[in-house]
Amino acid sequence: MDVKKENKAGSVLKKVDMTTIIILFFLAVVMAYYSMLQSEMREKIIVNRELVATKSAEQINNYLSTGVDIIRVASHSLDNMIREGRAHSEMRDMLVSQSAAVVQITSGNSTGIYALVEDDWLDGIGWVPDADYAPKERPWYSGAMANIGKVTIVGPYVDAETHTMMITLAKSLCDVKSVAAIDLSLENLQTMTEELSKRTESDIEIVIDRNYQVIAHSDREEVGKSYIKEEGTFGRALIDKLRSADKNYFSFHFNDAEYIVYMVPVGNSWLCLSVFDATSAFAQLRRLFILTIIISVLVISIILVFMARYEKKNLLAQEYNRKAESAAAASQAKSAFLSNMSHEIRTPINAVLGMNEMILRESSEQNVIEYAENIHTAGNTLLGIINDILDFSKIEAGKLEIIPVDYDLSSMLNDLVNMIRIRADVKGLALEVEFDQETPKLLFGDEVRVKQVITNILTNAVKYTEKGTVTFSVSFERIPEEPDNVLLYVEIKDTGIGIKPEDMEKLFSKFERIEEKRNRNVEGTGLGMAITLNLLEKMGSSLQVESVYGVGSTFFFKLRQRVVKWEPLGDYKASYQALLKGHKKYREKFTAPEALALVVDDNPMNLTVFKGLIKKTQIQIDTANDGDEGLLLAREKKYDIIFLDHMMPRKDGIETLHELQAQEDGPNMDTPVISLTANAISGAREQYMAAGFHDYLTKPIDADKLEDMLLDYLPKEKIQKAGAEVAAAQETLEVPDSLAPLKGAGWLDLAQGIKNSGSVEAYLPLLQIFYESVDEMAETIEGFYENRNLKDYTIKVHALKSSARIIGAKDFGEEAQMLENAGKAGNMDYIRMHHESFLETYRSFKVQLAEVFAAGETAVEDEKPEADRDLMEGVYEEVRAAAEDMDCDRLEDIFAEMEEYRIPAQDAELYKKLKQAAEHFDYESILSLLDNG
């Protein structure tokens, strides 16, 4: 009795412990789920605030940029008049004229332009200041003089004439004592802020200056307040948290409320703040959390009741499960052993196939190619047999997929016949083939799985036939309601041992063979037919069997396949030999010397590749580096076809297409336009067709697909089909000696790069462009990253991805793809984690590429005469004068003339920066470099 009581007490104790564990587990899950929801909600709010703040900042910057442009134009005009010694009255007349235009441009938000020139007050609207008005003591004058040559924002303040809240944009003039300025009303900015708050469902929108004074606020009453001077207010709490924040977003509590804030810089010293009151959102989440806990406790209680009620029944079920698990473990151990064995054998087979592939790529002798193809066939068949075990594991796990592709039936049949003939010859069996010569030759289906099914059936037929014949038949049936599809009929007949009716079920069982004792010497895993049955079911078919024991068996199935081309199979062996003779041969399909094409892509390397790929077609090609340049060319000339890159800065391919189609009476309104894109995802074609494109091509561009597309869209009268006299075999892609230093570079697949480019001659300049652009591209990407310009950062990484893939840097291209995806998704965490190592890898390429290209550059550079000191000083003076006059043509001529000279080492860095600034029309930077240089 005591023992029973102890057992019962122990059982109760175990139940209590189990109950506690279950409750704690559910509570832990609920807590984790709550934390996850809270984090997701916070992240969603932050992302939403970022969008709102960024949009606000963009509109404010656009508003301010109008005033900046106006004051720069006015300052330029005054600078010229001061240099020419023009009278102040003429300057005043000019300001009056420009002020009238300014009032219209700013929709009345500015009264005009004024200036203090050599202590003389000039006003564009005729305002005469009071006698005690001292311009040089005003902030707009002192601010401009403190920032010579730059546009300075001063304010906000109350205008002396209009008595409204204003800001001033001021800039010093060329005599470094005169200043031009324009007043802009903040009323429009305030209205804009109020509307943004309503339209974006933002609780509060605020713009503050560097002194934490409110410039604009969704609550008009807050405008003008200096939050830093307040105590115990919402504004002071906001500013205190802002000053300690180390990110562009933060949260803080005030009066039992929680706020989330996202900030974006605007102008040269302001901040745009988007504030969201998250109190109600998180309160609702907390209520949901409490409700979830209550429900979880109730559910747990109900579960425990049912557990107790069915405890005896569960014990019986556990006993049954233990036995079932034991049987499953034995089967799993058997599968695991065979799977491991398969993996071990795959390694040497893959090595053999890999070396054979090298023979196929490098040999040009027909007999060697034929031998290698046979090795390739047999090796892959052997590998396929070993893969049966792995395939069965995939089938059981539901992971086996059917992947349809275009394939050549004659090639597949030849592979099958070669494979099975060897086995049949060893056993002294006759192999007969009966292939309907009218069967379509080019089909669309999963070639690998169809071949695997037939291989399994053929192999079994030979295994279980001791003497006689194996007959392999292939024919087809048309499907009246599906004119593009056929039913491929496959039949394998043998004169083997046959199958007893009672053994039919074993035929498709895994790891089993019929008549085990009689067939104990037959090789195989016992998985082949089980896999065959599953594969056919996956492809929408089924295997049929007719067998007479002691006479033989017939296995057959019908499989729906799409017809790619209605070309009859004919003599399959002859077809296969023709395929071998065409091994790696290229023939251009046509020439079109009268055709004219336009290719628009911001990546010079892509343009070079495109021209190289269709060089032999003799098509005339114009290229453009961006959408605007492409539109300009399209206005002037009629093209037969236009190719537009999708992802370009400033104006993408879709925007360019829409502007092209909107050109009234334009010569290319009806011209076929093809999208060039690296987006090969499902649904991409539909997306571009919906946008108005006629078709699309993925990059890297497949030369055959490109030629097919040109055949489809070029005017038929301009196409000349290539005849025997112009069809030339494509040369084997060999790596030239000049690229020998790069043969061991693990990051660069030279053969693939040459193939992508079309020829060695086309590849070398592409690789040099990649080499020469490393520093500039890396610096540009770095600049966009530091300025948090995610849009342009993503575009530049996209362009670099395309260049890398073209030259054969596949792995680096994949890294760029991941960064591009992160940029499109706004995933700054991923970009911050990988940006530095990405650019470090990119810059490291230049060291290896320099072994090929730097030596040639140095030799050419050394042949030039070095510019002496007098010449360099003269160049600097001319550059200064051209920059002051904003004369971009003169700057271009100066740097072009200097190409004939070698720049001295001590001037190289300054000269390079000046040239880069000139290329970006950054005249202020040129003057600053010369002043500080």
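Glycine too: its Cβ is placed from the backbone N, Cα and C atoms.
According to TrEMBL, the protein has these features:
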DOMAIN    340-563  domain 'Histidine kinase'
DOMAIN    596-714  domain 'Response regulatory'
DOMAIN    759-856  domain 'HPt'
MOD_RES   D645  4-aspartylphosphate
MOD_RES   H798  phosphohistidine
TRANSMEM  20-37  transmembrane segment
TRANSMEM  288-308  transmembrane segment
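Each residue in the domain 'HPt' (759-856) gets a DSSP state, and the totals come to 89 helix, 0 strand, 9 coil.
Summarised by DSSP class, the composition of the domain 'Response regulatory' (596-714) is 52 helix, 24 strand, 43 coil. Put simply, H798 (phosphohistidine) is 11 Å from the residue listed as '4-aspartylphosphate' when counted between their Cα atoms. Per-residue confidence over the domain 'Histidine kinase' (340-563) averages out at a pLDDT of 77. Residue density at H798 (phosphohistidine): 24 other Cβ atoms are found within 10 A of its Cβ, drawing on all protein chains shown.
The number of other CB atoms found within 10 A of the CB of D645 (4-aspartylphosphate), across every protein chain shown, is 29.
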